[in-house]
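Here Swiss-Prot flags HIS130, ASP132, HIS206 as Fe cation binding site, drawing on similarity to another entry.
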Amino acid sequence: MTILDKRQIQRFASDTDIETLSKAIDDDGVAIVRSVVSRDVIQRLQKEVESSDQPVWLEDNPSLKDSKFPSQARHANNLVPASKTYRDDILNNSAVHTTCKAVFRDVGDYWLTTGILRTTKPGSPAQGFHRDALLYPVLQYQPPTSPPLTVALLVSMTDATVANGATRVILGSHKWETVGTPSEDQAVRAELDAGDMLVIHQRLVHAGGEHTHQAPDTRRMLLMFLTSCQLVALESPLALSRELVETMTPLAQKMVGWRTVRPVEPNTVGLNTHRSGCLEDGLKLRAAKPLEGQDGH
């Protein structure tokens with residue numbers, strides 16, 4: 001396998017346009033968007049999740065008792081009911097949606113498949129190089145030239161450094177036929193300031209780094225996995241109460257599967273419908289007022 005050059009990950013402002021982000025992701029398979037969320041949002045999200053009366057920690061889930069989680073890491077999901085900040089600030093974040101429109105421009109609407117708040121402490125081991133499309137086995141049959149159907153967004157809640165495990169990524173590896181056996185000298189580190197977002201193409205070869213004892217503080221990150229609306233979500237919308245969903249904006253409702261979505265043609269009726277019409281109309285679903293700049297759909 002040819003060793004790629006050591007170009008670094010391209011970094012963009014949070015108001016960068018769709019076309020610019022699209023080109024970077026197409027070329028490199030990865031990008032960093034700076035200052036996507038504020039420290040206030042990060043602090044509120046962390047507090048709400050860690051104090052939630054909802055079951056959030058995967059390590060405490062009896063159905064996952066045989067899973068081998070590193071003892072120095074914790075993983076929280078079920079974030080929609082657990083955190084108002086997640087529902088209001090994260091699911092409506094304009095930079096998140098601009099990025100998703102850049103990724104999914106050829107396939108239509110997208111939605112959230114799962115969100116995970118991950119913490120690591122010193123001693124958390126490095127991951128092996130991999131791709132993120134494991135949830136959907138059908139994706140292994142896509143050729144490298146196919147448009148992506150999934151994307152991973154990593155929002156750093158603390159600074160991400162080499163010492164605390166900043167992600168290793170191999171630029172351009174989304175164009176490889178297989179993962180193969182990459183070497184460390186092919187990778188660069190995705191060092192991030194708190195609030196920055198790392199964008200990972202579904203085929204990009206990457207790996208979390210080791211959280212070394214040189215970085216004694218806990219590292220926190222929000223991992224969001226989004227897919228084309230043509231793929232079913234990992235976290236079922238049936239688990240969300242209507243009462244909770246009706247406190248959310250129309251855009252956030254669509255992200256969690258409570259509205260009709262639109263892939264590209266030749267589909268003309270949408271997906272997730274009610275009698276071939278809009279689900280939200282059939283349910284007479286209420287919603288919070290759209291945020292400024294949102295179209296309410």
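Each residue's number is its place along the chain shown, starting with 1.
The backbone N, Cα and C atoms fix where each Cβ goes, glycine too.
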Around HIS206 (Fe cation binding site), how many other C-beta atoms are within 10 angstroms of its C-beta?
25
Any same-chain residues 6+ apart from ASP132 (Fe cation binding site) with CB under 8 Å of its CB? Would you list them in sequence order, or say none?
THR150, ALA152, ILE200, GLN202, LEU204, HIS206, PHE225
Over all shown protein chains, what is the count of other CB atoms within 10 A of the CB belonging to HIS130 (Fe cation binding site)?
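By my count, 14.
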Whose Cβ lies within 8 Å of the mean position of the Cβ atoms of HIS130, ASP132, HIS206, the Fe cation site, other than those residues?
GLN127, PHE129, ARG131, ALA152, ILE200, LEU204, VAL205, ALA207
